[in-house]
Amino acid sequence: MKFVDEVSIHVKAGDGGNGLMSFRREKFIEKGGPNGGDGGDGGSIYLEADVNLNTLVDYRYTRRFDAQRGENGGSKDCTGAKGDDLILPVPVGTTVIDANTQEIIGDLTEPGQRLMVAQGGWHGLGNTRFKSSTNRAPRQTTPGKPGEARDLKLELKVLADVGLLGLPNAGKSTFIRAVSAAKPKVADYPFTTLVPNLGVVSVGRYKSFVVADIPGLIEGAAEGAGLGIRFLKHLARTRILLHLVDMAPLDESDPADAAEVIVRELGRFSPALTERERWLVLNKMDQILDPAEREARKQAVIERLGWEGPVYVISALERDGTEALSQDIMRYLDERTLRLEEDPQYAEELAELDRRIEDEARARLQALDDARALRRSGLKNAGAVDDDDFDDEEDDGDGPEIFYVP
């Protein structure tokens, strides 16, 4: 199944049925009077969050959806049948945006939640409606109203409690394998992870949280380089971010430099996202045998970042330190939930932060889309470099194929 997290579709609700002009005509009833019925309402279009879906790939191939038109009115005061509503299933976590105004129509965050995106047309009136004491044989009717038509943009953001940040090969997928039953692909080359992966982490007998891994970020990601920038939006709804740093990289690069790249690119993508609760997780420390060297590398990263938050030293491969980290995450999430219920000011501050993150992420991605459109139309700036992989339509046949649908 191909992972598609953005699509554009056109929806058209059903038109209302026309009212009928008709008169009662029976033997021995010379002037039976009007009996034209009303038309039926047009069908509306709804989006429904379906917990069994995790991609918008179905809407990549079919992009126009029309609801059924209401039937016209009939004689003998018969009302036309209402057009059937059209229900379009989408994954939980889908944001619906009006493509013309960029207005957010709604957010589908709960299984079974429905959102009307196109209102069916109102029915027309038959001539019976216009009968009066002075007009006993009206010849007036009204047509049905046209159904609402809209161009929509659907954006999927996975719903997770914890988001993982890091360069390619920082050990994010290995971490998910260590703490959950998820089995994302793991290898010793960059960009092994091509789509977001989710894992459910069980803590104790009855508690759990969801962790999301996205493709790694690289230098220049905020300008569209690599794969990770497109998927950073999936971290917008997380409650806490884990910044994983490879402390023993194969190319012997400085871990402090790698950590600094992530913080810088995160800030360029969304300054508000840097205000989200974030913990520093130093991975692969088991590969550094000298305790003094281990401590020196740890302090170098902390000092370079000016870090004052929580720091964890783990080995995802050996599962060393992962259990304690998972328990602390669960404890933080429980305390956060309790505080949200008891402190309205804290809840409002988090809601405002969420809004800022959503707005900044959408603005950044829209800017990248606009720049890509300019390049494709031959107006590429002299200094611009089209180094992202999302307009690559060739299938190399190796691994999953990724589609970005503008």
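Including glycine, each Cβ sits where the backbone N, Cα and C put it.
Residue density at SER173 (Mg(2+) binding site): 23 other Cβ atoms are found within 10 A of its Cβ, drawing on all protein chains shown. Positions annotated as Mg(2+) binding site by Swiss-Prot, on the basis of sequence analysis: SER173, THR193.
If you look up Swiss-Prot, you'll see 1-159 marked as domain 'Obg', on the strength of sequence analysis.
Residues or ranges marked as domain 'OBG-type G' in Swiss-Prot (evidence: sequence analysis): 160-334.
Nonlocal intrachain contacts for the region 'Disordered' (127-148), taken as residues 6+ away from its ends with a CB within less than 8 angstroms of a stretch CB, comprise 12-23, 31, 33-39, 42-44, 67, 69-70, 72, 77, 118-121. Annotation comment: Swiss-Prot describes 127-148 (among others) as region 'Disordered'.
According to Swiss-Prot, the region 'Disordered' annotation covers 382-406 (among others).
Under the three-state DSSP scheme, SER173 (Mg(2+) binding site) falls in the helix class.
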